[in-house]
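Take a look at the structure set out below.
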């Protein structure tokens, strides 16, 4: 081998430029420095720094690996450049410039707030003046009409005695003049001070501006947004519920008939038992169900006793750590999933599943797949809304049953799509390629538009396949979607492809309106579905079924 001298010779460079240096890329999370704010910084950086005196001749070059490493910045440096830039800014930034700029920002904000407040006060004063003028004119007209009526009837004295009683009983007022028909609150409003009137008006405006359920945003509500919210079911809903109960009441449930009924949605009252049957968790025979439930629940908690204490072992701690990080991110807008006891349930479910499936282990995205089962099986024990429900109010046995049932049904689902989560996730990659081929057949304009702006299907559809569209739809829509997936043969693995294709084409107009890569990606990753309910999901499923009928059994039409 070569000696030390040859090693130094190896690291000599013939040019002063060092490869591998990367430039800072500024974006929304890393904005560029403001030149006005950092004038002194820019000047100090631009000034030549004092260096050690070197003999005349060529500049000193890196002659050892340590010198080469110290002058080279690479993608593997894990943000060293950012740290150096921030440290440099901290050293050279002029504090006076910072304080002056901060004071200007505060003064501008205060001035704008004061201007806005003055405009609001002026508008309120104008409204009060207009209302006062209108009230005076109305009062004069009403008095004139009353006087005319009394003169015509010749009963002026009797009318004067009866007049004080009119405000206390609005129903007794005359109806021949619409201006005289006023409510008690309108009559009292004439004697209120402007301040009281303004205070009540402001309170009313605040009340009207508040949502009915301020804690739960629209995207996180479980109730269907297309329904009126009435407690009484429609005749059609009652009829469907009766059909489900008739099918479920038999000694041996007809699963084919149950799937036919479930394809169009399952009533909330029978959804828990229907999901358990269609997923294969429960047998069709009624007499065997109780024993099966008891055995499977005991088996799950046996896994807890056997494996859960190993979550902090060296070869399992990475898995548990990732699960522990992902759980709080699961449906963060729904308070139910932010409860500590619910998060502990999810951690146990996901960890035990990962231990029992070493081929894939835990993969980010699987945590989302627990939530629909958990919500549906909570409905088995409550009648109220689930978003704010405190699960600690349930009996311990009910909570254990919900946890075990959610685990087994999630396991049944993942058994059919496990290649989505094995190494390199080959199942997802195949489905994304199939989606691209399908879209190119059913809507070539959308496909060419994506190609024109270099949008790869994998960039947006990977999440659609990995999370089964759960990040694109409200949870209430996911539950309705899964009603059909449970009823459809290979619903989660095969039919989901056609749902994704129909979902993409649903936004055809919006996609074609975007004329650059950034606009397309922002649209496809933030599709406006927060208002969706059962009606929109039903239309989506009908279109997906049409695509499946046209392409699934026609490979010559599907492939080029």
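Heads up, the Cβ atoms here are built off N, Cα and C, so glycines get one too.
TrEMBL labels come from automatic prediction, so no person has curated them.
According to TrEMBL, the protein has these features:
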COMPBIAS  63-74  compositional bias 'Polar residues'
COMPBIAS  106-120  compositional bias 'Basic and acidic residues'
COMPBIAS  121-131  compositional bias 'Acidic residues'
COMPBIAS  132-152  compositional bias 'Basic and acidic residues'
COMPBIAS  153-163  compositional bias 'Acidic residues'
COMPBIAS  193-203  compositional bias 'Basic and acidic residues'
DOMAIN    265-489  domain 'Rab-GAP TBC'
REGION    48-80  region 'Disordered'
REGION    105-210  region 'Disordered'
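Under DSSP, residues within the compositional bias 'Acidic residues' (121-131) fall into helix, strand and coil as 11 helix, 0 strand, 0 coil. Averaged across the domain 'Rab-GAP TBC' (265-489), pLDDT in this predicted model comes to 94. Residues of the same chain that lie 6+ residues outside the compositional bias 'Basic and acidic residues' (106-120) never bring a C-beta to less than 8 angstroms of a C-beta in it. For the compositional bias 'Basic and acidic residues' (106-120), the DSSP counts in helix, strand and coil order read 15 helix, 0 strand, 0 coil.
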